[in-house]
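Here is what TrEMBL records for this protein:
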DOMAIN    107-149  domain 'Cation-transporting P-type ATPase N-terminal'
DOMAIN    207-316  domain 'P-type ATPase A'
DOMAIN    842-1015  domain 'Cation-transporting P-type ATPase C-terminal'
REGION    1-21  region 'Disordered'
TRANSMEM  138-155  transmembrane segment
TRANSMEM  175-193  transmembrane segment
TRANSMEM  338-355  transmembrane segment
TRANSMEM  375-402  transmembrane segment
TRANSMEM  815-836  transmembrane segment
TRANSMEM  899-919  transmembrane segment
TRANSMEM  964-984  transmembrane segment
TRANSMEM  996-1022  transmembrane segment
């Protein structure tokens, strides 16, 4: 008797049971329940952080071991809960980052707790996509009619006698229609599959991000999918939490948990790094996955990952599809109107032909099956007119254009997070840009500075233009003259009062964090004998810190000195800190003796700051204060930082240079030519901001306005609206100033793009029509709030995004112009010829119309939607969002080409025998074939006309960059030639002579000079009639 295979679920349960008894004393369900309940007493029952540390076989000081693979030794549950305290209180370790990571590590841990991969929506099967493409009432009816036609054809083929000149192939037309339906369905499904595949790759790229994880006593840059239970993850403002856990150390940590709990206010997190208090009410150390860190820095122990995390559980319960973009909605409405037009035409055609059919029955000598076939032909023709009129290709065209644009934008360092931004960029009128990193290189270097009232320095190589010959000296000379106490104070002020982390790459030392802090640390390393950063920090007993915030414009760290005093190290914006200073170091070359700071002294400092700022330098003030006792506030007994910020002692000013990007001026100039207004919103002071704006060309007129944020905030809404059209630079701004500026511009009807990198930029990014976040220097919260991520942080990438936004709009217009021309001509030709013909037959058979519909809706969409944008696309002004989808210029081309095609086709059909003196039945059949051939070649050549929406006679401009257009054109030409030689009865065609081939292609090629002629006609000729028709249509719709 054989053994029954075990189920996967049973195997997993057995595996968990095995691991639970041999490796871990805590299982995923227990940890999940702990996080869900957020019960500190339950955490206490598990032994606190010490119990978690033992139960998860990790170390809160050094993290998991990189050597860990398989785990075998059992863990005693009782031992893991015997102590609720860590052996000692330690500061957040600031250790070198190592890029190496063994992806085969933590095998048992991953098997037991799972990895940190979230469920990905499965791609729909090809069969389901085929059903979606076929699931249309008209196609159902057409299929039914084709089956009936096939049945009658089979009866006529096998149930009746045939003459030698009339072969038994009546069944072919029914089969041909069914094959055409299958081909159209397959083509639609293939395009949908390609679209889904591309967007899935894009979504996967959006979710790729890294976090700082402590392993083997070193901080590693790890992908969020590689985070495992037991890891120690570092968090800072702007981070999006990768997994559930418990905070084990941190300062001033607050999280936005609105995405997980609905709580709108940030939640204060208390680190459980000491004995748990008896009264744990109100203490919340739990960190939830996918919530946002809005304040503070810290580290937490991971308890749940992937689908077992709180966010993973929520994601499993969701099944949402992305909404439609505004352009897709507009095109959908247009498609419905065109479909109504086609349905009405088909209905009228059917009624007329049915009446003619009924009248003709009186004198008809046909058999009943032949009469049935004649009626079925009328019905099939009417249905085919509906099929050809319904523009299924319109949604496909915009989807393909968006898919192609987002893929190519990735190459141009634009990661599109929201599809609507891709099309909205084409309408942008204003860009509100940051300075640092976007217009500048974000490579800060300390080039000037002064300490106290007597010591100044300038890096003569980097900044000779601000050298004061009388008072300044070189950096090295100035640093060597400072007393040992001044040098030590300066080194501690920079090294301790910082959240940057030291890392090692390629044998060198680098600092990971804000570029301002990195520049200060490099300066300290070069001139103040800074050793290992973590060693310097470990020597200081940090009591608490308040990280830098764009609204406060300063950072403060409180340490306890060996003499029992508490010292506050402060750095930030000079205009903010100078107001709080009451003293300065009198003689930094002799010691730390202080003297009261006078108004003349403050004025002298301000003049030096202005001189730095006028040379595009960012200035940072460094201050300190010593107190005997720390001020506390409230029942929580938190340090009152505002009180500590009083009566500061001024230590010095650092001047940092961030060079302008080489391409910044050109990108701003290109934006101006494209009709966009560029504005700079920065936290730098007014003089620095003005100097940078002038250098990169943002300020180019005497009327351009430069203003500070506090003055802008003081204005009421009407004053702001009156001012913003001239406002080019907003200096010393807060993040909310940027949001208000965006809103005022939108109130004036502008389409606004804005850049942001910080957590507090999120409201402005969300409020803008297009939000650009920084991929290098930006926080995760900023990226989450944005619609496009600049992977290289450069302004020139924004210009490329504008090009692609306009390219999407152009691609849709190209296809729209092409498809409506085919719709008008095919419906018009079928209607006129069938009604005028005594046999009630259309100039184009249903199968021929289905072939035209195939390349109209599918192949042409692929060809016309994939043209890359030419540089001259930026030579025109942005189009307002209210611009109609079909412009007067497009109507001119549509009407002109439709008239030409219908005239040529109808003349050949009705008068061709007379023109070419055809008399035999073969020649007549050849003429009908030539009419079909000519019509198709007119569409192929008209595709070239539609490559240019603007007035241009160079129809092959940039065609070598679009291999898909060339390939599809070749496929269409090859397929048409193949049909003409082997299509036979299925397409109701006969082989043509060389002359007939020649005039078919020549008449088709004449579409190109017709297009040139139409371009030369002034658009104003059609603008007035189209405006009148638009008003008439509006009135009819209202009725």
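Using N, Cα and C of the backbone, Cβ positions are placed for all residues, glycine too.
Taking pairs at least six residues apart, the transmembrane segment (899-919) and the transmembrane segment (815-836) share three or more Cβ pairs below 8 Å and count as touching. Sequence-distant contacts of the transmembrane segment (964-984) (same chain, six or more residues past either end, CB-CB distance under 8 Å): 172, 851, 855, 859-860, 862-864, 866-867, 929, 933, 936-937, 940, 943, 947, 991-992.
Sequence-distant neighbours of the transmembrane segment (996-1022) (same chain, 6+ residues past either end, Cβ-Cβ under 8 Å): 888-889, 891-893, 895-897, 900-901, 904, 926, 929-930, 933-934, 936-942, 944-945, 951-953, 955.
According to DSSP, the domain 'P-type ATPase A' (207-316) comprises 18 helix, 47 strand, 45 coil.
Mean pLDDT of the predicted structure over the domain 'Cation-transporting P-type ATPase N-terminal' (107-149): 77.
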